[in-house]
Amino acid sequence: MGDEDGGRRGGITRDLQKLKQQAMAYYQENDVPRKLEDLLNSTFYLQPADVYGHLKANYFSKLAKPPSICKIVGKTILDGLGLPTLQVEISCTIQNFPKYICAVAIPTHFEVVENALPEALDAEDSERAQAVNTAVQWINQSITEELWGLVPSNQAEVDHRLRTFFEHKVQEDKERKELEKSQEELVPAPPPVTLPPPPPPPPPPPSKKKGQKAGRRDTLLEKPVSPPEPPEPVLHGSMAIGAVSLAVAKASATLASDPLYLTLASLKHDQEQPSTFSMPLLMGSVLSCGKSSPGKLHLMKEVICIPSPGLTAKQSVELLLEIQKQVNRAMETLPPPKQETKKGHNGSKRAQPPITGKVSHLGCLTINYDAIEQPLLLLQGICSNLGLELGVNFHLAINCAGHELMDYSKGKYEVMVGTHKSAAEMVELYVDLINKYPSIIALIDPFRKEDAEQWDSLYAALASRCYLIAGAASGSVSKLLECRNISTLKSHGLIIKHTNQTTMSDLVEITHLINGKKLLAVFGSTDSESSDDSLVDLAVGFGARFIKLGGLSRGERMTKYNRLLAIEEELIQRGVWGFSEEHNFSFFQEDATATMAEETLGLLDSIFPTEVIEESAKT
């Protein structure tokens, strides 16, 4: 019996000795004894009141593994218009426990068309829902596995994996479409329908008689309008890529107790912090007289106020609020419209519709004006009432939305109901407008992207005093990076929108390209915005010159204005707030002079053949 007890005790002793040896080896491999000795010695000299709090906060937490991504959740939420969009939540493993970190929402890329047919609206609603649902599936089924275990601060690796994942999805979609096409080709096609021959071309215009007033040569040689380019293809689910990339960047900032814009600035400047941050200049919409407005005027989808660069963001927002208040008051006090003398079909006099305003999805009043001068005269009157000087305290910008104005049946832009102008005539219209109202310093999308020649002409005429900014005409960030050419249209800058598969690394690259070309970066909101305010951090972190947020009459847009104010206050407190430079057109003026010289040279080269054609026509 004693031998058995002795053997048992000997076995336990050997097991304990073995465990002790394993423990010693484990702790020595992790350098625990030395670190604990140093910790206890330093703690003794410090003698903190909360010993264990000091040990955890100032030592053990620093020795722990960095937080790593353990879960990504995609959800469908509603944006500011009640339409579905995507939200992404990030959770990380911190000291062996999963913990929720942050959430972001990303807007969809769809434009809001207020006067669309019900069939078109239903089709777009279906497309939108499919895009969001596919993104949610990608995130919950695949992307979490792709990014599991990565440290959020490793943005480059995160974006690389997201890009690879997206490329595989694009290839899968391509193969699926090819398979569907091959299956359709197996089905016998119906016999072709014989079409009647096309009508003969119209007779040439009569030749000018001697003494007749000479018309413009560009009218005689006017080119037919080019058809619109097919819309840029967007793969359903692509918004998952951009949303997850943004969510990881925000998670990295949250874990480091830094604001998001600081993390983004580090990405752009190779982990170095700028000494100062300049706030982007506000572009605040105050009026809308575009294609969807009930009045005759279509040219001004947005009339935008740009407060002076010498104002702080807080002063700029206060100025915009006061202008908007005055606009609302003006709409309430307008006299009733006069009746027209023209009679309708029933013989009664037809009354002009009242000038009333409603808040558009862009956050500003939609007003039915009938002339280009009306909204500008309204703002001039408001300036007089407030003791402000238009062109000094603030300037104006016009979002023309040229792609929405084109009437393809006539091949011209419909600037007002019943008033159509060719692309060449639009150049003259804009030049006359800027000559009459020099306080307008920016035109957004004055033409379609297909009218590159008119972009060049307008740039040559106005580059020294008015910014030409490409919004819808510039294409998506992904398309620009794919082409590696951001100067296809002659402009001063581009509007950048964070949508679809655009990652943080893509935004770093596109802003570097824009800065390298000495162009202006404008971060802009989409038509249908969510309540997420990350757009402001993107603009500040990546050093945008302007930020276009829409009007101050919708909650989802006011969250972004509030974020702008919070960032400015924080920068001032930290002593890193920088002044914004005044509007400078000198570089663009030199570029425009060179462009005009090239155009003049080209015109001189083409005079001889044109004269030959005219002489041959006379004979």
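Heads up, the Cβ atoms here are built off N, Cα and C, so glycines get one too.
The structure displayed is predicted, hence computed values, not measured ones.
The feature region 'Disordered' is assigned by Swiss-Prot to 173-236, 333-354. If you look up Swiss-Prot, you'll see 188-206 marked as compositional bias 'Pro residues'. According to Swiss-Prot, the feature substrate binding site maps to E302, K548. Feature annotation from Swiss-Prot assigns active site, proton acceptor to K497; the stated evidence is similarity to another entry.
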CB within-chain contacts under 8 A for the residue listed as 'active site, proton acceptor', separation at least 6:
H109, S476, V477, F523, G524, S525, T526
Counting other CB atoms within 10 A of each CB, which of the binding-site residues E302, K548 comes out lowest?
E302
What does DSSP say about K497 (active site, proton acceptor): helix, strand or coil?
coil
Helix, strand or coil for E302 (substrate binding site)? Use DSSP.
strand
